[in-house]
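K.L.:
Take a look at this one; I'll ask things after.
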């Protein structure tokens, strides 16, 4: 088990955002998008005091007009080092036409604008934070991260979760079906297995997670019992955010992935294993997952991750044409560019790293997942979010869930503050990640953080 | 098999909407809500010609500002006989404060307003269509149904589908697990099994359904094959529409059902049985269902269905307190009012009735489903939709799916235009229903209609 402690960005001194070291994972080669608000004048927190906690109430109702103007002062921000750029304000100050995409309370208008607009806006932003002529305009619109509140960056349309790590699927199969001939189900190598989750409970990093209650029943129990979950778990995942929609009845091909998907984020698909085990046959996970899914406050555009593209693992089974991403199948000159991403994830509990799952080992790519999700004619909407599934590598210290790390509680993890089988109340889970960027740089992904709050309170 | 042909409402002459017979299932005791638009002046269809077909493109993206004003001339309508009342225009003409809820392009603002507002608005509407003093104001704002286009009446937030008919679950169990000791899974009598579906492909009645393609694999096939589904099926269901949201972390109790749920509609959860059979282990249905779910254009408020409330079937297993709806468990004086609904559904293919599923036989009520869905702390949003699951009664001619009606294709249905195992291209499926209303009247539910379009076109 790796034991180094991650230094969180807020621990670092906040220097001049125009003078970041080349090693800063949130330098001008990254520029992830989020939504932030400044403290209201009434609140006026003391300098250095934590900002207001992220909203945990119900999301604005669809159709209630929440997107037509400012919501609680929310605005699109772009991260630069330990600062947030008020992107809409810069666009307005410079007379940029992108003000209509950036001076908004969610990322959805930008997401909906499509690939050409995404590239154009990113080019403009890069200029604004690197060309000296813009410096005096931009400087007052950069706010220290410690002084802003970060919000859920987009309105989630549908949320789908996949199951794309072979190592994870085999571990789960061995744990739950130890007598099965094959730890994978017969369909696993033929299609990326997925299911729909609850989009209304997708929350932004920093939101407390109330321990869910529910029914559970051990095989030896005569009847189900009810109470707070005793097997609350992490699932370390990567989430993909759909920008450009598609028409119902028209599948999105493998080669169209980058036309539709805007970017990615870290995602923790909190799971109550005891609830899930009792409920999930025959229609899949429901209450074991639907209480909360946490995502980063920052969406990293795919454009920032071109240097992180890698080939997925070798396919052991022939794939149907709509999923076949082998170089010879692409028909593109020079072959299909690889659709895997080399993202190095860390999972920490109370600051102690317990696992380092390597995203590059995922069997199914996000492009294959998108092609599969739409091959039946299902349409995409702006704001659709899909999770990769738990990321687990081949080594024991690369497993992305406590279910696997403790082998369903059999082998407790010896943390500094005591052993863990599953999560205890007050545990804070943090996912961080980086990817190789241009010229030896690192591209940082926004962290996903969440603290477990007792359900009995 | 019942063989009477249903007379669809549009077959009837369009008389004076103020002079409906007491037997009209859409009289002033009903008043369901929908969203409609009038033909644009440019379109100008000849009188009696069908209006434009319902939009089948992608829904407006969340956050794209679609709800902040008129969308394609959409407006809230209330059905009276074979006419639609422009409810917002009446409210405006009469200076009613409800104009802010009714002069909108979706039902969401009305849904979000909550139980007291729902009752107040309904009282006002009842007066407007029954008190002679309003007649001259109201008459020009009533449009014949044949001259309007009906739209998806609300922006769907999350969509959940349940599995609440014991007869359906037992039939499915016997078909797919003929050797099992019990046709029900061990959890079935302890909790209402459900899963999340795709809200982005919920479409309004009248929308064509493109036959989905996908992978299927018979047990004897060496590998999966790809193509249009050869087992496209109906699921006759009732959908419940959530109005008032709830906070994350706070379950909604059995007794709070009517504070949160606004009304109901008919729902056809189209299912590709071959796709579903190959994909659904271990994470449940995905592409076998996600291509389309059709709902009525009309949402019937629960207030119109007070006369249809009935007790659900006797519970054969003790229930945990949060699901226990027995009279003695309620703690309410006089006992808990029953949460079942006596809805008489008809399923027709190309106008020929093939089944009459009785909703009163459902084991789990919509109130229990809501309590279960939120017991883990999952929040509700305005526009959440949940389906009852396929409605099947105890008799063979009361089964709500072709899977059951033909016993997975073994016993084809002898329709007038030839035998059916599953749906053929060009088949039009229509669900209709009524419920007992006050004083011997009937409350009609809006029909759900959909035609299968070949996927090879």
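Cβ coordinates are placed from backbone N, Cα and C, and glycine is handled just like the others.
Given the structure is predicted, the values throughout are model-derived calculations rather than measurements.
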K.L.:
According to TrEMBL, A:235, A:237, A:269 bind Ca(2+); which of A:155, A:158, A:161, A:342 is also listed for that site?
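P.N.:
Answer per TrEMBL: A:161.
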K.L.:
For residue A:235 (Ca(2+) binding site), identify the closest of the binding-site residues A:163, A:177, A:276, A:289, A:390, judging by Cα separation.
P.N.:
A:390
K.L.:
When you put residue A:161 (Ca(2+) binding site) at the centre and draw a 10 Å sphere around its Cα, which of the binding-site residues A:177, A:276, A:280 have their Cα inside it?
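P.N.:
For residue A:161 (Ca(2+) binding site), the binding-site residues whose Cα atoms are within 10 Å come to none.
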K.L.:
So of all those binding-site residues, A:163, A:177, A:280, A:289, which one's Cα sits nearest to residue A:237 (Ca(2+) binding site)?
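P.N.:
Nearest by Cα distance to residue A:237 (Ca(2+) binding site): A:163.
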K.L.:
Measure from the Cβ of residue A:293 (Mg(2+) binding site) and count the other Cβ atoms within 10 Å, all protein chains considered.
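P.N.:
There are 28 of them.
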K.L.:
Starting from the Cα of residue A:289 (Mg(2+) binding site), work out which of the binding-site residues (A:177, A:276, A:390) are within 10 Å.
P.N.:
A:276
K.L.:
I'd like to know which binding-site residues lie near chain B: of A:269, A:280, A:390, which have a CB under 8 A from one of its CB atoms?
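P.N.:
Near chain B, the qualifying binding-site residues are A:280.
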K.L.:
For the C-alpha pair, I'd like the distance in angstrom between residue A:163 (substrate binding site) and residue A:269 (Ca(2+) binding site), rounded off.
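P.N.:
Rounded to a whole number, the Cα-Cα distance is 12 Å.
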K.L.:
Does anything in the same chain, at least 6 positions from residue A:390 (substrate binding site), have a Cβ under 8 Å from its Cβ, and if so what?
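P.N.:
Expected: A:163, A:165, A:168, A:235, A:236, A:237, A:269, A:357, A:400, A:401, A:404.
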K.L.:
Can you work out the mean pLDDT of the predicted model over the domain 'Fumarylacetoacetase-like C-terminal' (A:160-453)?
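P.N.:
Average per-residue pLDDT within the domain 'Fumarylacetoacetase-like C-terminal' (A:160-453): 96.
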K.L.:
Around the Ca(2+) site formed by A:161, A:235, A:237, A:269, which additional residues qualify by having Cβ within 8 Å of the site's Cβ center?
P.N.:
A:236, A:267, A:268, A:271, A:289, A:293, A:387, A:388, A:389, A:390
K.L.:
Calculate the distance in Å between the alpha carbons (Cα) of residue A:293 (Mg(2+) binding site) and residue A:177 (substrate binding site), and round it to a whole number.
P.N.:
26
